[in-house]
Every structure is written in C-alpha cells, then in structure tokens.
Amino acid sequence: MASWLQIPKNSPFSLANIPFGIISSAKITSPVAAVAVGDYALNLSIFASSGGFSQLPVIQPHLGVFSQPTLNAFAALGRPVHRQVREYIQSVFRADTPFPQILKDNSTLQKEALLPLSEVTNHLPMHIGDYTDFYAGLNHAYNVGVLFRGPENALQPNYKHLPVGYHGRASSVVTSGTPIRRPNGQILANPAANPKVPTFSPCKRLDIELELAAFVSKSNELGKPVSIDEAEDHIFGVVLMNDWSARDIQAWEYVPLGPFNAKNFATTITPWVVLLDALEPFRTAGLEPGNRESLLPYLREKRELNAYDIPLEVEITNAGGKPTLISRTNAKNLLYSFPQMLAHHTITGCNMNTGDLLGSGTISGKENQTQGSLLEQTNGKNPLKLADGSERLFLEDGDTVVLRGMAGTEGNYVGFGDCVGTILPALKLEF
C-alpha cells in the first residue's frame, strides 16, 4: 500500500497497520489520541478539529473522543467504528488518496498534526480498570512444569480444558521505556532447609515473560457472559507485553493461591494498540484448532484458525554492552485465543469493562532459544552468553530488555514497536 508520506520499508507502522495510541509533546501538553504512520504520529485531536474527518460521517458525532487522555471512549464505540476510522485514515495517506485536500495537499495541517515520533511522549493507551494474565503458552507451561514436577506431571489436568489465568495488578502496568525497579521480598534462600525460614532480600532471579495482551472494547453487564461467537467484537486491539517476574519471590509465596508480589511490581506494554483488523491477514493455526471437539461448547470457536503468525524476539543489552538476541519465537505458540479467554473470563457472569487488559501468557517455542523467559533458557543453572562475553542466569541491574513483534513483508509490516524496560537497583530498605 503506497503512501504520499515517506514511510521506511522496515517500519512496523506501515499503512497496513495504523495503530492507535496516546501522545503528548512540547507543544501538546495534554495527552491526546494519535495514530502511528511510519516515523510520524498523526495528532487525531487536531486532525479532527481541523476537518480531517469531514468525509467520514460515522465519526462526526464522536469527534471529542480524540481529545481524551485515553482511548477508552473511542474503544467503546465498537469494532465497526474502529474499522471505518482505520480504513479512512489509510485512504487519507494513500498515494492515490481520494481526499488529497484533507492532508496530502494541506501543508498547514501537516505541520500542525504530523509529529515525528522522536518528538512525542507516549502514554498508556487506555485507562486499565482490571488486568488478567492468562497462561495460554502451552510450551512455556510444559517447560516450567517439567522443571518443577517432571514430564509426567508437567501440565495440570485442567490445562487443556480451560484458559488458566489469575488476576494481575492494573496499577503497575506501565508503558514502554519506563525503568523497572528490582523488587524486594521474602525469599527462601535454601529450599532444602528444615524448617523453611525465609529471608528479606532484593530479588535475585528477576525474569521476563514475552506475551501479547488484548484490550477490551465493549463491556458486558454483570451476570451476562460474552459468547464465544461475539467475543472478538468485544476486543479493541493488541499490544506486546513483558510481564516482569520475580522467580525467587514467586517460589516461596505461590502456594496455595498463586503469584502475588512476584508479579505485581511492573508489567510493561507497548503504547500503540494494533487493531484486530490489522492482524487478520496473519491469522493462522495455533497449537490446537480453535474448534477442537475436546473443548466444552462455550469455548469452541467456529473456525479452526485461532492464532496470529507474528514473529517475536527478545533482546538483552547489559549496561555499556552490545545488544544480544536471546530468543526468536512466534505468537502462534498459544493454545487459546483472546476470544476464548474472554468467553471463559465472563462465563460466570463476570462483567468486563472498556480498557480491561488480558495477557496471553508467556509465548515459547519448543526449541532452544525460542523460549519467552530466562527461567526456561537457563533454569537458573545454565547461563546464556551476551555479546560482550558476560553471562546471565537472570537479569542484572542495568540490563535493558527489548521485546519486538512484527508481521508481514517489507513496506507492509504490521508491528507493535519496541517493548523496553531497564532494570534499576532495588531500594535499600531498613527495618
């Protein structure tokens, strides 16, 4: 899809994408809605107030949503509106645009509304009321299960019957680039000791988790589940996510109710929300068909293809060092889709709200260096080597982690942008 705007061929934000986000800048002090196009952000607030949407009647009554500090109001308008807005913006930027007067030949509006991405500050795209993290990465679940329970009992009996999940902490979800403070907590230094007595210490086994996450658009009433056939229309779009994890804190605390402090200190997401329509060309088979007979009817999708073919990668750069690519995997390594997660989450009548976030769970392949966590790669025993020769079992202070995901071909990539976090030392606490 050719554009009159110069878009780098390797940009994750080609015209095939058009992801939505929230930005501010030196000139725009209040956060507003935007879309990313190549190396630019289009300020949708200025675009809307300057007649940019004059050829799109469906959005006329709702132009105020683009001046809000979150995308919640826009997301709540529903998928048909999202689709028309995205397609309209694509048509405005096309080389053969039917509306050249809107932006292509409007140098004044270009100067006001098109901002270099290097000059904008990204904010969380949505107000996140609740955050649920699932465990749909079958290979990750198996790999970790083998480490703790052996191959015969790696997966719990419920795993292939329902999307396992837990309620995370919405308040500590941060946007890419936010520094991550190493957590302090209770750690069992010697698991073989008897009696087992913890110590208080900075986390020594700080890890990453490579995930996708989906934002809810349409809410449902309390007591009324979202059916599997309707669930996709309740999803706004997808981001890349790093669910930072304190493995040693988790090992001591997680029985019997699961992770708590080990997961609540930070979760990083990319700031640009990629709409489901942009991902649709990459729909593919997941680890098992979405319509498999082994699922109970409320989870059984009508179609077999229930995943997206999106290459993913993990990179670590130590302080003063060079980047090291430690993992390549693919988003199709999931057992459940986001519609299945949403249908399961609401089957009890749980009401979801616009802006709620659903994490996929860690995405890993079966081969070495396709894992989405350090725990799987090193088991805390077998270090991986960085480019400068240093070794890692888990993350050290000063390490910068970058997650990336991008599908498609040169000139038409659909990607999320970088998901970045740098580890800061733990606070020194005295009691």
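Backbone N, Cα and C atoms are what each Cβ position is placed from, and that goes for glycine too.
The Mg(2+) site in Swiss-Prot is built from Lys263, Thr267 plus one of Asp233, Asp243, Asp248, namely Asp243.
From the candidate list Thr29, Thr354, Thr362, Thr370, the residue Swiss-Prot records in the substrate site shared with Tyr135, Arg149, Gln250, Tyr254 is Thr362. Listed by Swiss-Prot as binding Ca(2+) are Glu209, Glu211, Asp243; the candidate from Asp105, Asp130, Asp133 that the record includes in that site is Asp133. The Cβ of Tyr254 (substrate binding site) has 14 other Cβ atoms within 10 Å, all protein chains considered. Long-range contacts of the region 'Disordered' (362-382) within the same chain, counting only residues at least 6 positions beyond its ends with a Cβ under 8 Å from a Cβ of the stretch, are 135, 137, 139-140, 143-144, 147, 205, 207-212, 243, 245, 247, 312, 314, 326-331, 333-334, 392-395.
Between the CA atoms of Tyr135 (substrate binding site) and Asp243 (Ca(2+) binding site) there is a gap of 12 Å, rounded to the nearest whole number.
For Gln250 (substrate binding site), the nearest neighbour among the listed recorded positions (His140, Glu209, Glu211), judged by C-alpha distance, is Glu209. Around Thr267 (Mg(2+) binding site), the C-beta neighbours below 8 angstroms that are at least 6 residues distant in the chain are Tyr131, Gly168, Arg169, Ser172, Val173, Val174, Met241, Asn242, Asp243, Trp244, Gly359. Within 10 Å of Glu211 (Ca(2+) binding site), counting CA to CA, the recorded positions His140, Arg149, Tyr254, Lys263, Thr362 contribute Thr362. Across the binding-site residues listed here (Asp133, Glu209, Glu211, Asp243), the residue whose Cβ sits among the most other Cβ atoms within 10 Å is Glu211.
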